[in-house]
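Going by Swiss-Prot, these are the annotated features:
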- 207-394: domain 'Helicase ATP-binding' (DOMAIN)
- Ala220, Ser221, Thr222, Gly223, Ser224, Gly225, Lys226, Thr227: ATP binding site (BINDING)
- 338-341: motif 'DEAD box' (MOTIF)
- 416-570: domain 'Helicase C-terminal' (DOMAIN)
Amino acid sequence: MLVLRKFRWRKWTAETLESTKMTRPIDVHQLLKSRSAGPKYMSVEERERVVIEHSNDEVDLGVEYAKKRNVDEVAEDSARESKKKSKRLDFDWDPADNTLEGYQPIVNPVILERIRQQEDQGDDLEAQYLGKSWREKLLVEMDERDWRIMREEFNITSKGKGAVKHPLRNWSETNVIPTDLVRALTEGMGFDEPTAIQRITIPNAISSNKSVPRDILGIASTGSGKTLAFSIPILARLDALPARPVNLKTLDGPLALVLVPTRELAQQISQEINRLLSAWENKKNLNAVSIVGGHSMSDISHTLRNGCDILIATPGRLLDVLDNHLVVLNKIQSLVLDEADRMIDLGFEDQMKSILSHLMADELAARQTMLFTATLSSSVESIAKGYLKNPLHVSVGSRWDSDKPLITQVVRHTGDDDKKLSFLKDDLIKNGLPAIIFINYKETADWLTLRLSDRFNIVTLHGSKSQSQRESAIQKLKSGTANVLIATNVAARGLDIPDVALVVNFQMSKKFDDYIHRIGRTGRAGKTGIAVTYLTGEEDPQLIKQLAKYVKDVDPNKENDFPEECAKHFGIVSETRNRIIY
């Protein structure tokens, strides 16, 4: 009755009454008895029954996941099959399926068109504010801001007393260069635009009136186009003069003199100028001649029998020719000292001064001197102060940039020569050809040739080679007959072999300047290159510290590598320190 009164609102059934019955708790004696009792052994049938009862109460998640995955896979398979069956587009469609019929855009087309017009007007206002690019403007529209942007774009700097002319925007716009010479440059030789050093040098080195052109001190990297930078002003000046007959050329000698440190560079410049003269089709019979060591005096005499307008020579050989009275320097109007820093490094400073003393003093006022260098050392500055009159200083890039095109520098700690050879073979295969391998001793050239000639076409270049052998080696590398040149420092300057992919310093140079000019054989004219240097651990620590700093500071491709192992061996301490947080 008590229960019925408490739950009188509930409808009671027999089942609910049965469920409400309270079972009597297990007797404590039975619990103690079951605890002390031993294990109960179950038969096989009993164990199977217990397992089945438990399995019925649990959900197998693995089975459920497998079922779901099977369903999804079946759906994907069916979709894939339907896609395979409908590879071709079906153009026979029912017009009733057109979902755009009766489409009403949320934005009114008229309003949308107004928005677009406002956006266009905003672009026009921005363009009016910023102005057109200097490339899009006419020459008369250029202002100081445009010229400043152009100089920054090509990394051109210039300084000097007096007015400095603006850089060339193209070959023909300012009419500084003769029209037919411009046509030879663009159509005959395929030079679409001037390089940075040409842009700033040419307009300032060519006089617009009959006055003597300005002296130039130029700082630029190898492969930057210096040859045309001084050749075009020379040719423009010669073009303004009357044609000279052969006997007058022989009597007065050349009108332009170019001094260079190596015979290879002299021949290269001569070929480049004569190429331009051939494309120019100038009627004045202008010609360029190079005289270098390795040719006999009779050969040089035969070369100079008809005189020349432009003479390219190394200092030592030119002195020999002057002593033998094969040429005179009475009428030099244009003097070029190319790679002046290298000529000084090679000990040609006294020879240069001796040659300059042969130039007649009364012609000094009418002579233009152009000096080009990769590095502006104190010796070069001394030469410039002594022989240049109020020069215009022009440079392309920073001091570091003047020594580095797009070169990735890699340093390897190799150990002995056998390990070096193993690295060398891998680098030649991995980094591409043609390649130049620099060594310090000519005996090493023979040793390497013996071990590499089975896989590569090798030519060598060192001091024991005759002039004909040197010229043949360079020509083979240029033509592709050979793909590896092994050379001492004699080839580090002046060589212009296109598309050199790899430079290997098999033996580190004794001077750091030589290292710079070795690696400058690759990465020329805007192309990328790789320079690999092998170190054994026996090199001069001070030299390697310079190398480490240069590799760190000059990294245009952000791929340079100077291994920590080398840094530790040579005691090179990083300037940065890990911060300690307490």
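Numbers run from 1 along the shown chain.
Glycine is treated like the rest: Cβ placed from N, Cα and C.
Taking the features listed in Swiss-Prot, we show where each one sits on the structure.
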{"residue": "Ala220", "record": "ATP binding site", "Cβ neighbours (10 Å)": "24"}
{"residue": "Ser221", "record": "ATP binding site", "Cβ neighbours (10 Å)": "22"}
{"residue": "Thr222", "record": "ATP binding site", "Cβ neighbours (10 Å)": "25"}
{"residue": "Gly223", "record": "ATP binding site", "Cβ neighbours (10 Å)": "20"}
{"residue": "Ser224", "record": "ATP binding site", "Cβ neighbours (10 Å)": "23"}
{"residue": "Gly225", "record": "ATP binding site", "Cβ neighbours (10 Å)": "18"}
{"residue": "Lys226", "record": "ATP binding site", "Cβ neighbours (10 Å)": "25"}
{"residue": "Thr227", "record": "ATP binding site", "Cβ neighbours (10 Å)": "21"}
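Note on the motif 'DEAD box' (338-341): DSSP counts are 2 helix, 1 strand, 1 coil. In the three-state DSSP classification, Ser224 (ATP binding site) falls within coil.
Highlighted in sequence order, Thr195, Ile197, Ala229, Arg524 have their Cβ within 8 Å of the centre of the Cβ atoms of Ala220, Ser221, Thr222, Gly223, Ser224, Gly225, Lys226, Thr227, the residues recorded for ATP, and are not part of that set.
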